[in-house]
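For reference, the structure discussed in these notes is given below.
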Amino acid sequence: MAARLNAVLPLCVALLAVLAGQSAAGRYYSDKVQDKVRKEVEKAMAYNASVGPALVRLVFHDCWVNGCDGSVLLDKTPTDGTNTEKKAVNNIGLAGFEVIDTIKQKVGAAASCADILAFAGRDAADILSGGKIFYTIPGGRKDGVVSSAAAADASLPESTFDFGQLQANFAAPGRNFSVEELVVLSGAHSIGVAHLLSYRDRLGADATPIDSDYQSALAKATPPELLGRGQNPTVPNNPRDASDAFRKDAAYDPAALGVSPTRGVLDNSYYHNNLINKVLFKSNWVLRTDGFAASKLQEYKDNAAEWNSDFAAAMVKLSSLPAQGKNLEIRRNCRFTNQQYYY
């Protein structure tokens, strides 16, 4: 329930400097580091709207692998060379790194790269939701010195997982996320894009249940044979965010579904889409196969405010996963460990 998920929020509020501003656009903080992060995120999203979803995604892809340690930002490490998390198959399409670099240049040693990433993802969610999703998180994270593509692929859930695999992945030691939180965080697929490789299994005759109009629109926009030609195009995770022509092909009418037609909004439209089989991934649809998870899909479809609140609480928990590595540091450059900074 929302009350249970939100139980951690007061603790985080007490740990953070007083929030001064209240509007989603132009929110400001008394904490100087967070205020600089906010300003740079607003600037970057105004220049390139795709940055917002990318930053939200980065939080999950960082914290899910050995905790929130900024390891997803590394280009090279002493132990892993250049085969870092960025090169993991499950990390295809990660973006937003330049924004983190810019912020690091502004704040220097006053904040770790892991903190910058967590704050930036929080502010992106706030802006994308029009101020309906906001949460406070403390600083104090440290940066890891290890980043392995193999570790990322072993840790991150795959788009082809069945429900049992998803449940086990979320409940794994060191994470301990419930089925409810799995359903909550899946709602982030109301924004962002996905590569054909991640949903090609949904385009065949033997695909897990998918709306036929939506499937045809996907096959028309991104024919599976493109993969054989070395191409891996993207489509929006949410049919709402696609072109008018795609919406028409997919028989997708936001107004008829009762969702906002505004593209790029972080909201509960994912749950509307899932319940009519218009979601991209098998790992989305399989939430329908578990009784409790399916009931939460319906609950969040019917109650946007509850999902907003529960998503904020789940992001607090996600952003608080402790770093698992040793020799943690505050990096000078988010792309390199301090040992490699001068080389």
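Each Cβ is built from the backbone N, Cα and C atoms, and glycine gets one as well.
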Have a look at TrEMBL and say which candidate in Cys68, Cys113 forms the disulphide with Cys334.
-> Cys113
Summarise the model confidence on the domain 'Plant heme peroxidase family profile' (32-338) as a single mean pLDDT, whole number.
-> 97
Whole-Å Cα distance, His189 (heme b binding site) to Glu85 (Ca(2+) 1 binding site), is 21
Pro157 (substrate binding site) and Val65 (Ca(2+) 1 binding site), Cα-Cα, nearest whole angstrom = 11
Provide the number of Cβ atoms within 10 Å of the Cβ of Asp69 (Ca(2+) 1 binding site), excluding the reference atom itself.
-> 29
